[in-house]
Amino acid sequence: NVELPVGTVLLLCCSGLALALPCGHPLQVAPRGQVETRTIPSPLAYAPPLIPPCRESFWLPRTHKTVLHLRGGGEGVPPSRESTLVLFDIDGTLTAPRNVVTPDVLAFLEKLRSKVSIGVVGGSDMAKAQEQLGSDYVSLFDYAFSENGLVAFRQGEALESASLREHLGEANLRRIIDWTLTYLARLDIPVKRGTFIEFRSGLLNISPIGRNCNRSERDAFEAYDREHRVRADMVKAMQDEFGDLQLTYSVGGQISFDVFPKGWDKTYCLRHIPEETYQRILFFGDKCDPGGNDWEIFADPRTEGHKVQSPEETVSMCSKLF
């Protein structure tokens, strides 16, 4: 949250720069929806009429960073492979959840790469990314990140990776896994299958139903979870149990959630992108609300976040931007 002192209005720039202007500055408002969720197209800004000088402060929710971006951000920066990087989530962004990428999306990515640099960042391991994007998917992107960037490739060359085992230590890993298995054994849900915990280089993926479930069981669990908050309740219990370990819990996809050290979310991939390389980094993802596995990189001031609900919307939005 950003607090505005008496008599100021916030002008948000696409770079993340915030300028405090005197209240009463002749700026226009683009009203749409609730006050705190207004969309502000370029070159308009959040203006004084609804922020009278008599108020002590006005709270601008951090959650709404992207809807407050000036649209067409970086207008002084012509899109090019040298100036602009576009990062994509996989599930729900380039593919339907756990489905294979379509020829239309592959053709779109090839065309987009001729105009800007592109990258992909997923929470799953490389094997799952290959199942969805193809065995040679690393060559389709300038940057390819799996496990939130803990496994990374630039121009097809592997970069330095990190290890959850080394970071937490075997004793703490056993503690988490033992507790999780006990919790899941007592969990009463309609269906359970297999592979409840998946150990990856940089995270634990935990699925109450089990990753071996089929497509119809996956869809049914997603609907059940929306009503009964199975994953949310388990995350809360883990936060209470492992508060000493500084862990982050991120719900993604239909059936699971990830557990990893703080700072090892999708913003981790930005460590592999030197700040001076690109003037503009855009991110497209579907789980962009707080608690979703795209939230941290979506809300990061180094990126321009765009929330989508399907591969079709991703293609449409990118086509309009570029």
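All positions are counted from 1 along the displayed chain.
Just so it is clear, glycine is given a Cβ too, placed from its N, Cα and C backbone atoms.
Just so you know, TrEMBL annotations never went through curation; they're auto-generated.
Owing to the predicted nature of the structure, the values given are computational and were not obtained by experimental measurement.
The following features are taken from TrEMBL:
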SIGNAL    1-20  signal peptide
BINDING   Asp89, Asp91, Asp286, Phe298, Asp300, Thr303  Mg(2+) binding site
ACT_SITE  Asp89  active site, nucleophile
ACT_SITE  Asp91  active site, proton donor/acceptor
BINDING   Arg98, Arg200, Arg211, Arg218, Ser256, Asp258  alpha-D-mannose 1-phosphate binding site
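Distribution of TrEMBL features across the structure.
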residue	record	contacts (Cβ under 8 Å, 6+ apart)
Asp89	Mg(2+) binding site	Val120, Val121, Gly122, Lys266, Phe283, Phe284, Gly285, Asp286, Lys287, Asp294
Asp91	Mg(2+) binding site	Pro97, Arg98, Gly122, Ser124, Gln132, Gly252, Gly253, Asp286
Arg200	alpha-D-mannose 1-phosphate binding site	Ser124, Asp125, Glu147, Leu164
Arg218	alpha-D-mannose 1-phosphate binding site	Pro97, Arg98, Ile209, Gln254, Ile255
Ser256	alpha-D-mannose 1-phosphate binding site	Glu198, Asn205, Ile206, Ser207, Pro208, Arg211, Arg231
Asp258	alpha-D-mannose 1-phosphate binding site	Gly123, Leu203, Leu204, Asn205, Ile206, Tyr249, Ser250, Gly252, Asn293
Asp300	Mg(2+) binding site	Thr267, Leu270, Phe283
Where Asp300 (Mg(2+) binding site) falls in three-state DSSP terms: coil
Secondary-structure category, per DSSP, in which Arg211 (alpha-D-mannose 1-phosphate binding site) falls: coil
Nonlocal residues around Thr303 (Mg(2+) binding site), in sequence order (Cβ under 8 Å, 6 or more apart): Leu87, Leu270, Ile281, Leu282, Phe283, Ile297
Per DSSP, three-state class assigned to Arg218 (alpha-D-mannose 1-phosphate binding site): helix
Asp286 (Mg(2+) binding site), number of other Cβ atoms within 10 Å: 24
